[in-house]
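Here's the structure, in structure tokens; my notes come after.
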Amino acid sequence: MAPKPPHLLSTGRNVSYGSVSQPTSGNVSPTGSESNVLLRTVSRDGSRQSTLTRKPSRLAEDVDGAILATGPDGRFGLAQSSLPSHVLRDKVKASENNEDDDDDDYLVDDSGSEHSPEPVDDSPYDAVRASVSPVDNTTLSINTPRMWILSTLFSVLGSSTNLFFSLRYPSVSITPVIALLLVHPLGLMWDYMLKSPADPREVFEDGVLDHILDDHPERRTRWSRFRLWLAQGRWNEKEHTCVYVSSNVSFGFAFATDVIVEQSRFYNQEATIPYQLLLILSTQILGYAFAGITRRFLVRPGGMIWPGTLMSAAMFGTLHKEENKPANGWRMSRWKFFYIVWTGAFVFYFLPGLLMPCLSYFNVITWFAPKNVVIANLFGVSSGLGLFPLTFDWAQISYIGSPLLVPFWAAMNVIGGMFVVMWFVAPIAYYGNIFYSSYMPILSSAVFDNTGNVYNVSRILTDEFLFDKEAYTNYSRVFLPITYVLSYGVQFAGLAALLTHTACWHGKDMWETWKTHLFKEDVHSRLMRRYKDAPISWYLMTFVSMLAIGIFVVEYYPIHLPWYGLLLALGVCAVFFIPNGIIMAVTNQHSSIYLICQLICGAVFPGRPIANMVFVTYGYISSAQGIKFASDLKLGHYMKIPPRIMFSVQMAATVVSSITQIFVLNWMFANVPGICTKDAVNGFTCPFARVHFNGSILWGVVGPGEFFGPNATYRSLVWFFLLGAVLPIPLWLYSRNKKNSIVRKINLPLVFGTMSWIPPATGLNFSVTP
């Protein structure tokens, strides 16, 4: 019998950029064993494991997977897991010495012989090699009805569900990881129900259907032609990636929805549907322009590894190996275990969420002394510190991020910060009447006047929603609960600590990456050269069109933010975008400019609360969304998604999710009784919007001068900036050469950043640690 012809691999060295041989029958898109043959690689010099099969044990042990979203970044789905510096510091020089300039094609025999040569071209980073394949299969289908329908479906369901529950306390959120897992059986079911062995063979080129072999359309019925259109290609990792990216884009719901809630519910200002549509679309899409224009610096260089994308890339490879073996000695398969746990969690949620709410607020200590104020302040879970954090409601447990995804050392940082700041400092300051805090609740999302009542902001605003200084003088200053004060303090410290911590622990790596790898292509960049790039003109047109819409919004509607204020917001975003992007790409820690935007607008445009909210939305969200979009572009880079298809997927998902959220938000305004009030049914009190509304009072109405000026009540909070900037330095000096020191595990940005969830979070939301 004649030997089978070898399959040709695309490795980035090949001049033909990865042509593959076509199977002799059936769909040209390889599946199953054919796909495994195409992507098989073997060890180099008998020492390195296969790129696709190597177990990343050290990565799993050392990954700084602190998927704790801090502050506004977490609420809008902008935070990711992080990696410590020692994981990212790879043996680049040793890998570079093995680089080969040979441009020959690499052939892998069907038999999978151990003597088959491995493509020598690979990433110099261990984490990337362990998660991403250095080969590309260009015959896989991507641009298919299946991909677009599933992407649209998950964009609608995810964005609507997350927006709906974001107005509730405690909220429940659907993460893109859930979409990654749930869409896979749907894609397989799609093929099972619609494909037939007798279907003609399809030829895909760069993800798009090129032509069909042995086709006889005149012999088919209308339904048969429609079925073949739906059944194009086969479900594969590239389609899976596109659906996941669309979910990642749409699940982090629009910050502008909070602006609309605050305008319509708290400031009683009319927000028309056209205004909502233009505001959401322009703020959501502007980030694409920044991500696309800076691709040369943040996406294409091999040194910009974006650690947060590696877990997803590894997951795609694992799911599409079509293996379902029992795991670690268990008698059931991984998929069976997953479905059992998922079904059990789904059924159990109805107990605390609907049938027995007491399981959610399991405040047993206050039951013994229901009228004791001290007990309520210390152990209460609604307006107290929650010193007995026990709950049976997963929505409460995962309110600040799932504890199952957080390594033990990260959880200890969070609990340590919670213990010191909220359970030790807060009671002492409260009962010491620091900042007049004893006249207010110990924990609340509201701000108060000098009588202890909730501050009535309408009394210090004119009919045009501008600050009335005389009315403010006659009414009252703004006073904050002690936990609110400490929350602002640790946010100031966290922002400064992030910069110092990053410079100490990651500065050398970032500088080496900048010098060595910024303009150096790796295998993945070479593989991507075969695909038509999304021209920079597309991103420039996106920026110009969204900028025009933004100028129209701020000039036509009563926002009181001049057009040059919008340009200032985008200028702040532009100044910080590349530095923040590099920090995120190398260390996976996001430096937020949320407070910076609030401070700048409060100083430049004082007494304009609506302008402050919109300024922050355009400045902060354009930066945060742009960095998230750049991360998705890097994931598409790793998974070899053609850039033009990636652009279309991201843009379509953003438009669909924006329209969906406008519909859901207005439906809730019309159908949820008492929404955004303390008397709202089922807890729809709009906790996050309330916090942001209070921020607009502080920074927009009254202004930072009244709070942090020379004679202001909260002037001392400014020192938290210095505290956060200095504290990481002695920790780094002590532990930089002590690899086994526990001090190396202290991450001050994580300690401070997680505390920014309080309020509206309480001690109850820190119930479970791994």
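Sequential numbering from 1, following the chain as shown.
Even glycines carry a Cβ here, placed using N, Cα and C.
Nobody curates TrEMBL annotations by hand; they come from automatic prediction.
Note that the structure is a prediction, hence the values are computed from the model and not measured.
Annotation source TrEMBL lists compositional bias 'Polar residues' at 11-38. Here TrEMBL flags 97-108 as compositional bias 'Acidic residues'. Residues or ranges marked as region 'Disordered' by TrEMBL: 1-59, 92-127. Among the features that TrEMBL reports, transmembrane segment is placed at 147-167, 173-194, 273-291, 297-316, 337-362, 404-431, 478-500, 536-557, 563-586, 645-669, 717-734, 746-768 (among others).
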Cβ contacts the transmembrane segment (645-669)/the transmembrane segment (273-291), at least three under 8 Å, sequence gap 6 or more: yes
Range from 173-194, 273-291, 404-431, 478-500 with most C-beta pairs under 8 A to the transmembrane segment (563-586): 273-291
Leading contact stretch, 173-194, 273-291, 536-557, 717-734 vs the transmembrane segment (478-500) - CB distance under 8 Å: 717-734
Same-chain residues near the transmembrane segment (717-734), Cβ under 8 Å, at least 6 residues beyond its ends: 485, 488-490, 492-497, 499-501, 504-505, 708, 741, 743, 746, 748, 752
